[in-house]
2 protein chains.
Amino acid sequence: MISHMARSTSRQLSTAAERREVVLRTAIGTFAARGYYGTTTAEVAKAAGISQAYVYRLFPDKESLFVAVIEYCSVRMREAFADAAAKATGSDPGTVLEALGEAYARLIVDRDLLLVLMQATCAASEPAIRDAIRASYAREVEYVRAVSGASDEAVQHFVARGFLCNTLTAIRADEVDAPWARILLTGIRHY
Amino acid sequence: MISHMARSTSRQLSTAAERREVVLRTAIGTFAARGYYGTTTAEVAKAAGISQAYVYRLFPDKESLFVAVIEYCSVRMREAFADAAAKATGSDPGTVLEALGEAYARLIVDRDLLLVLMQATCAASEPAIRDAIRASYAREVEYVRAVSGASDEAVQHFVARGFLCNTLTAIRADEVDAPWARILLTGIRHY
DNA sequence: GATAGGAGTAATTAACCACTCACACTTTGC
DNA sequence: GCAAAGTGTGAGTGGTTAATTACTCCTATC
């Protein structure tokens, strides 16, 4: 069993688990731009550096792949929140929420991670995707509430602000030089 | 020239302008569910009660059609805001914003109108669509700011809350019986 | 009442896409 | 060193889709 754990550098082929991880990581970029319906499995395969046929060895179908990408993004987002909460300078709700907001702003650098979750929201007419994105929001809201101890109203406001960030990221509002864009971007850190 | 204005009831065929209007109105429902990439021109045609080929007589291509739908939704939203502002009981920023929020909540009954604008945001990687949705947000923000006279911060907060509503509508959060859903739905009227 | 132009469609096309299959190569266990 | 299991692909397949074409029918005008 120990020999099973051989590092990939000692092998010429990757293990399926490693490949799955690569596919999930690289598929974020392809799904972020054109969403579930607009992204082809060939694009996903190319981004991961494998054949399109092998995508179907790693995931049963496109929908399962997309759901796995949603969960991957959801986990990474909560990791970022956990890091931020651990490093927060105080433990009162305001300070913790501030730290989480900072972490969210840093996630925007990626762009793609947040956009995938927004794309998942837009593809929620598919039951399996709706379940996955609901579960993602459920964990996120519950985590923010528990770690910050903030009021329901403050948590709601935090989430709403996050959705505003997502939208501004999707339309690249930071490239627009106009009053409306400045109003919406006010106080939103973007590195 | 006057005879050109013959009412449609006196004709067996519609004028192209009337058909275009019908297509835009009914296409909202189809684009709302699965977005730009996930909706076929055949579905749009069926919803409008015309052949798929005729969609291409009325609009040069699918992208132009979707852009026209975005603009149609954008106009209808601003009409709803204008109605609400005219009926507001007071003229101070808080009262007007309250009235606009009420109008937005009533738009959610439609569901589809708001969802189309969210779908457009998600399809913003297409330059023409990005331009259209940016223009829509520009007009909306400018209108809300001008009619309410509210501060930049209040306008931003109003828009963020709108995006929260859109997301909750997309995932049908009102059908979820869980704490996280109640937190996000608190204070959000849905008729 | 003929005719020009607009309304409308059935049928088709070329490209594309999700998904499959037969097959080849690599690694592991014994 | 060999068989079983695992990694990986080229070459499809059947169905779908955006866009076109060639055509019919309707309506206004003179």
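Here, residue 1 is simply the first one shown, and the rest follow in order.
Even glycines carry a Cβ here, placed using N, Cα and C.
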DNA-binding region according to TrEMBL, located in which of A:40-59, A:100-119: A:40-59
Rounded mean pLDDT for the residues that make up the DNA-binding region (A:40-59): 98
